[in-house]
Ligand SMILES: Nc1ncnc2c1ncn2[C@@H]1O[C@H](COP(=O)(O)OP(=O)(O)OP(=O)(O)O)[C@@H](O)[C@H]1O
Ligand SMILES: [Mg+2]
């Protein structure tokens, strides 16, 4: 048996070896679904399937990269290189580069990111003279996204009385107009937004049978990870591509479907067997990721959902520690708790920063946590914030580059036409836009032919001259692009436009960091050029680079190996795993979110989200909630989340805040801070909320371990002793150093080598005194 097959359990191996025909793997978190998919690809290739014929769709580009690396270890790098692996968006952008001209788009179409899309939407709403408070740009974009993901084109919208009535009832009767104008504007700019990448792929596959046949023939083996979160549009693409060979393998977990709000349709997974009656189905039940405590608590949670496929998830991993639930007094206190606990665990267990993740429900929660981590000098990284490529200065330079390959890209043009300032004001731009619209031309077409149209725009000679200079400059870059690589051109653009000078002249810390970002962008362009040349992929094209940029998420940033604590929303953490996971903010109206408390379906999605969060943890999950929290600029009272109540108490370990004052000064009776263990909450005797918000409960005795984290023999340890450590096992103390309160011991462990441990955290037991 090939060695890699021996790294799978029986069911996993069967799923990997079922190479032909439709296959579905539905299984709980951490049971090896992604592993099955990865090994399956390696196995296909080992069985002679050409890598060009394999398509694997993943949830993030990072996941695709990691899978590719693993596969490369089995089949070799040169083979793995040709695999088509990536997100739906990046794979179909690649296909559309070739096929989009069939739909009237240029092959070098621009991909509009969320920022661009929002800016287009704002213009549309202004142009149609609609009230921004009723037609909120973000909401309108969401609505249009829904249409697109359900393949409802503008025409289909106007033919659908139900939709029209729904929008009228929502007091937005002009929704169809907005949709039409938005689509036209993007189309005229030669641009697609993210949803278009799926919608247009569907369109090209449906309207052009020869195109469909071509890709059906190419992608003979198709695999989809996280299938529970595919939307209708993605479902149809996969179905169409797979319909000839039906070698389709999907893996997923209905209990982890968390993108319904973005149109994901859990029915895709439930309907698989109906679509493919011959499908082989595999259920993986053994969890390899987490401790028993975590797996069992997570099972408790998900059992509360009515809509779910039955699964028995178990693990043969250690029982593990009980799950601490910290009751904070404020969000600041909660953040401080997280930072100190990270510090303690790191010291005690010799972990790295990147062994820790903090997963929150909303981005707003990160601020307090960041501050606490900074105070303790713990490096962290926020995922899913604004991506590097969307920072203003970076996007400014990128917009110039975008214009070079697609001059009709109106968002890019408007962004740079007067940046850095060159005296082309708002009125000028308005006049030009009106003229271009009247002539049914793009802005660039007018600018390109200024000598012809200039006099008719109503602009004066001086202004026309400035416009002329601008366009001449852009054209000179275009000429340069024919003979120079994209890095050289970008450098030239940064210099010639005055962008570098503008940033250099700003010597505030922000200015310096902006300049560094530009430097970083240039570096990445240089890296891109070199990489492409090495791969021998012909002339590295700017279009390819820009496509990567448009589809890059914050997950894809360079320094992913850096040793930092990861901060991100639960949504982003899907598919990931970390040794220690903090889940703060477990309060009613926050997690579950207030937005999702209205129906059982919504609440069940929140519960799945909590299930996802909890199941990211390998060794320990640490939960917390606060009794008060700053939200919307006010301090509000908070109640513990119902999810806390839904787990059996035997998996949990309730903790109270450490008092600020020494016990004897608190004026409280010795009884309260005595040595008795903390009483656990008895289930059902009283509602948890009352118990947890009851003030005397705040003052319940603290557990010994909290007052004194290293409750073992640390005062008494001496050189030459033989000691035992939870993780490192048996070892001999070589020396001791440091202040009385911070004594460090150098210990030589039998199996783990030499370590320096801070005694107060190390929890050592003395085995013998020699
Ligand atoms: N047979 C196995 N032997 C050892 N380790 C395994 C085995 N199967 C899976 N694992 C490990 O268990 C962890 C979870 O696996 P994986 O990420 O593939 O699970 P998953 O089902 O995709 O989880 P999720 O639902 O969170 O996406 C990984 O670290 C993986 O390497
Ligand atoms: Mg997975």
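One-based numbering along the chain as shown.
Every residue, even glycine, has its Cβ placed from backbone N, Cα and C.
The ATP binding site feature in TrEMBL is assigned to 27, 28, 29, 30, 31, 32, 33, 34. Taking a C-beta cut-off of under 8 angstroms and a sequence separation of 6 or more, residue 30 (ATP binding site) has the following same-chain neighbours: 287, 288, 289, 290, 295, 315, 577, 615.
The domain 'UvrD-like helicase ATP-binding' annotation in TrEMBL covers 6-291.
Summarising the annotation, TrEMBL assigns domain 'UvrD-like helicase C-terminal' to 292-575.
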Requested in this report: Write out the long-range same-chain contacts of residue 32 (ATP binding site), meaning residues 6 or more apart in sequence whose Cβ is under 8 Å from its Cβ.
Outcome: 8, 9, 12, 284, 286, 288
Report summary line: If you tally other C-beta atoms within 10 angstroms for each of the binding-site residues 31, 34, the top scorer is 31
Report summary line: Within 10 angstroms of the C-beta of residue 33 (ATP binding site), the count of other C-beta atoms across all shown chains comes to 26
Report summary line: For ATP, residues beyond 27, 28, 29, 30, 31, 32, 33, 34 with C-beta within 8 angstroms of the site's Cβ centre include exactly 253, 284, 287, 289
Query raised in the report: Averaged over the whole of the domain 'UvrD-like helicase C-terminal' (292-575), what is the pLDDT?
Result: 90
Query raised in the report: Among all the protein chains here, how many other CB atoms are within 10 A of the CB of residue 28 (ATP binding site)?
Result: 27
Query raised in the report: Residues with Cβ closer than 8 Å to the Cβ of residue 29 (ATP binding site), same chain and 6+ apart in sequence?
Result: 253, 255, 256, 287, 289, 290, 298, 313, 611, 612, 615
Query - Listed binding-site residues with Cβ under 6 Å from ligand 2, out of 27, 29, 31, 32 - result: none
